[in-house]
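*Asks:* According to TrEMBL, the protein carries these features:
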ACT_SITE  C85  active site, proton donor
ACT_SITE  C85  active site
ACT_SITE  C226  active site, proton acceptor
BINDING   N15, N76, G86, N87, N166, N199, E217, R218, G227, T228  substrate binding site
Amino acid sequence: MSTRIAFLKGHGTENDFVIVPDPENAIDLPPAAVAALCDRRAGLGGDGLLHVVRSAAHPEARGMAAKAEWFMDYRNGDGSVAEMCGNGVRVFARYLQRAGHAAEGDLAIATRGGVKRVHIAKSVSDGGSAAGDITVGMGRALLPETDVEVSVGERSWPARNVNMGNPHAVAFVADLAHAGDLYAPPSHAPAGAYPDGVNVEFVVDRGPGHVAMRVHERGSGETRSCGTGACAVAVAAARRDGVDPAVTGTPATYTVDVPGGMLVITERPDGEIEMTGPAVIVAEGEFDSAWLEGVRA
Ligand SMILES: N[C@@H](CCC[C@H](N)C(=O)O)C(=O)O
């Protein structure tokens with residue numbers, strides 16, 4: 001018997017997600033079903049999917065249930081699983097707020113990358129009303145001292161290897177257009193540098209503490225924003241600029257322009273990184289479970 005399954009659509013700086021609320025983890029979402037839901041022509045469309053589950057009801061999150069009631073079971077658009085999604089966790093928080101599971105202020109969300117602290121700012125009123133920004137504590141960046149190179153077509157660049165829970169290669173380029181159409185994943189060397197694949201960011205300077213980036217995301221293709229990518233870029237830019245908050249004792253803030261908007265990233269002297277930006281829910285509806293059954297078959 002088919003049933004109706006509720007979904008929402010949301011985005012953070014145009015990194016967009018299908019949101020499937022499923023508190024008791026009752027909906028089977030194998031990779032093919034996720035890819036079908038994220039398909040922009042034959043499905044609902046999204047860079048990824050946020051499966052909203054109570055931590056206590058998910059085997060990967062039970063251990064975090066005492067600290068965070070809700071688990072972000074994040075999937076990439078091709079159905080693959082990723083450790084963390086920075087824009088996703090902000091959109092996830094906005095969903096929890098809209099559904100009445102969270103209020104403005106602080107909350108904790110369980111992710112595969114651990115429990116993340118989120119702050120939902122008060123709504124602002126400027127003639128109409130707009131949702132306040134959402135800040136997430138992204139944890140610390142790891143900077144393995146690996147020499148990496150990324151290539152698109154004939155062009156190659158040295159890249160900084162940054163791990164934000166998920167893997168990134170950050171390349172500073174003369175012109176963002178040099179990354180080409182990014183339909184195919186950029187290649188990287190050495191070949192074994194990223195055994196589980198990599199998100200690749202291309203970065204140009206806009207001014208002091210201000211950069212712009214494009215990204216090719218593992219499992220999603222080119223997207224209009226990537227939160228973990230923006231954090232990786234901010235840290236790579238800071239180190240390139242000779243800035244290390246652990247040494248100076250002063251927080252470092254970078255503004256990162258992405259094709260879909262702007263994110264503000266602050267790295268603190270203890271290494272903790274905070275990311276702030278908008279997160280919105282744009283639609284909600286239902287789809288027929290029979291459609292998903294057809295995809296799974
Ligand atoms: N868009 C996300 C990152 C999603 C995961 C990434 N594609 C991966 O496979 O690591 C973000 O906002 O961080």
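Any Cβ shown, glycine's included, is placed from N, Cα and C.
From a predicted model like this one, the values you see are computed outputs, not experimental measurements.
Neighbours and distances for these, please.
*Replies:* A coil conformation is recorded for C85 (active site, proton donor) in the three-state DSSP classification, outside any helix or strand. The Cβ of C85 (active site, proton donor) has G48, L50, M72, Y74, T111, G227, T228 as same-chain neighbours under 8 Å, each 6 or more residues away in sequence.
Long-range Cβ proximity for C226 (active site, proton acceptor), meaning a same-chain Cβ under 8 A and a gap of 6 or more residues, is found for N15, G86, N87, N199, E201, V215, E217, V258. Following the DSSP three-state reduction, the secondary structure of C226 (active site, proton acceptor) is coil.
A 10 Å cutoff on Cβ-Cβ distances gives G86 (substrate binding site) a total of 29 other Cβ atoms nearby, all chains included.
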*Asks:* Around the substrate site recorded as N15, N76, G86, N87, N166, N199, E217, R218, G227, T228, what other same-chain residues have a C-beta within 8 angstroms of the site's C-beta center?
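*Replies:* Everything else in range on the chain: G48, A82, M84, C85, G88, V215, S220, T223, C226, G229.
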*Asks:* Given a 10 Å Cβ-Cβ cut-off, pick out the one of the binding-site residues N15, N166 that has the most other Cβ atoms nearby.
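*Replies:* Max Cβ neighbours within 10 Å, all protein chains included: N15.
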*Asks:* Would you mind checking how many other C-beta atoms are within 10 angstroms of the C-beta on E217 (substrate binding site)?
*Replies:* 29
